[in-house]
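Trainee: Handing you this structure, nothing more for now.
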Amino acid sequence: MKLSFTKMHGCGNNYIYINCFDQKVTDPEKLSIALSEPHFGIGGDGIILISPSDRADAQMRIFNADGSEGKMCGNGIRCVGKYLYDNGMVGGRTTITIDTLSGVKTLELNVRDGKMQTARVDMGAAILEPAKIPVNMAGSSVIDAPLVVDEKVYHVTCVSMGNPHCVIFFNEDDVDDLDLSRLGPKFEHHPLFPERINTEFVNVLPDGSLKMRVWERGSGETWACGTGACATGVAACLNGFCKPDTDITVHLRGGDLTIRYTTETVFMTGAAATVFKGEIEL
Ligand SMILES: N[C@H](CCC[C@H](N)C(=O)O)C(=O)O
């Protein structure tokens with residue numbers, strides 16, 4: 001059986017996109033494991049299914065490289081917006097909606113020569129209540145709280161953008177020097193996170209921008225994480241490093257995103273790119 005796909009990325013966070021308006025995927029968990037694998041498959045951070053929706057222009061489902069399903073994907077939703085616009089599936093409209101497991105999101109597309117270049121996504125309100133993230137810590141929110149990994153105390157801020165995030169600010173260490181392959185899994189599987197966690201390792205730079213690396217639940221280190229950049233912008237405001245209602249630049253390994261945190265919602269602006277289209281024999 002042949003399956004058509006499109007490889008796309010947002011800031012280097014790369015997924016295999018499958019148009020399910022005209023194709024059927026029966027076991028997405030198994031498919032994501034197979035296709036994400038770089039040696040025997042296509043290689044990527046996971047797969048994203050683009051399907052019809054009765055309440056939005058399309059529905060997006062994201063599966064991590066280990067087959068687990070994520071509830072939201074910031075880089076992915078910009079790529080879905082690009083896919084829909086560039087392929088004429090939204091009638092040339094530049095305000096579109098995409099249904100996700102974290103609700104319907106609205107995108108404002110910036111287009112040139114018939115192609116989407118960047119998008120601004122209304123990501124919805126940050127969720128701070130521990131039980132809704134979820135994180136097994138008491139209180140109304142988790143800001144600058146101590147968390148022990150390998151006998152070392154880290155101060156973490158936990159935020160959900162529909163998917164769970166643990167944001168850690170480093171004053172002394174340059175996050176580029178951290179061994180994420182050792183550290184990442186210890187946070188991902190920490191007992192305080194009953195549904196595992198996406199973890200962001202952040203430096204606040206002298207110009208007030210943020211430098212971030214991320215270890216993603218189910219995919220390991222990725223070159224960017226859109227929901228993670230949102231969580232990082234929110235956490236930076238909650239910790240007094242940045243101001244709400246201002247544009248915050250987050251530098252990721254694969255590019256930059258602009259985050260704006262207001263009490264009502266979080267906006268994320270960034271690019272999306274098509275790398276190649278292909279067909280795979282299953
Ligand atoms: N890379 C995605 C996040 C994937 C989250 C996934 N790892 C999970 O929550 O299980 C992003 O750009 O927001």
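Including glycine, each Cβ sits where the backbone N, Cα and C put it.
Quick caveat, the model's predicted, so the values are computed rather than measured.
For reference, TrEMBL lists these features for the protein:
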- CYS73: active site, proton donor (ACT_SITE)
- CYS73: active site (ACT_SITE)
- CYS225: active site, proton acceptor (ACT_SITE)
- ASN13, ASN64, GLY74, ASN75, ASN163, ASN198, GLU216, ARG217, GLY226, THR227: substrate binding site (BINDING)
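Just tell me what is around each of these and how deep it sits.
Mentor: Within the same chain, residues at least six positions away from CYS73 (active site, proton donor) with a Cβ under 8 Å of its Cβ are TYR15, ILE48, MET60, ILE62, THR100, ASN163, GLY226, THR227. DSSP assigns CYS73 (active site, proton donor) to coil, not to a helix or a strand.
Counted within 10 Å of its Cβ, the other Cβ atoms near CYS225 (active site, proton acceptor) come to 35, all protein chains included. CYS225 (active site, proton acceptor) falls outside any helix or strand according to DSSP and counts as coil.
Within 10 Å of the C-beta of GLY226 (substrate binding site) we count 27 further C-beta atoms, all protein chains included.
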Trainee: From the Cα of ASN13 (substrate binding site) across to the Cα of CYS225 (active site, proton acceptor), what is the distance in angstrom?
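Mentor: Pair distance, Cα basis, whole Å: 7 Å.
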Trainee: Centre the Cβ atoms of ASN13, ASN64, GLY74, ASN75, ASN163, ASN198, GLU216, ARG217, GLY226, THR227, go out 8 Å, and tell me which other residues of that chain have a Cβ in range of the substrate site.
Mentor: ILE62, GLY70, MET72, CYS73, GLY76, VAL214, SER219, THR222, CYS225, GLY228
Trainee: Let me spell it out: for each of the binding-site residues (ASN13, ASN163), count the other Cβ atoms within 10 Å of that residue's Cβ, using every protein chain shown. Which one has the most?
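Mentor: That would be ASN13, with the most Cβ atoms nearby.
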Trainee: Just jot down the residues in the same chain as GLU216 (substrate binding site), at least 6 apart in sequence, with C-beta under 8 A of its C-beta; none if empty.
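Mentor: Counting only residues 6 or more apart in sequence, the Cβ neighbours of GLU216 (substrate binding site) under 8 Å are ASP45, ASN64, ASN198, THR222, CYS225, GLY228.
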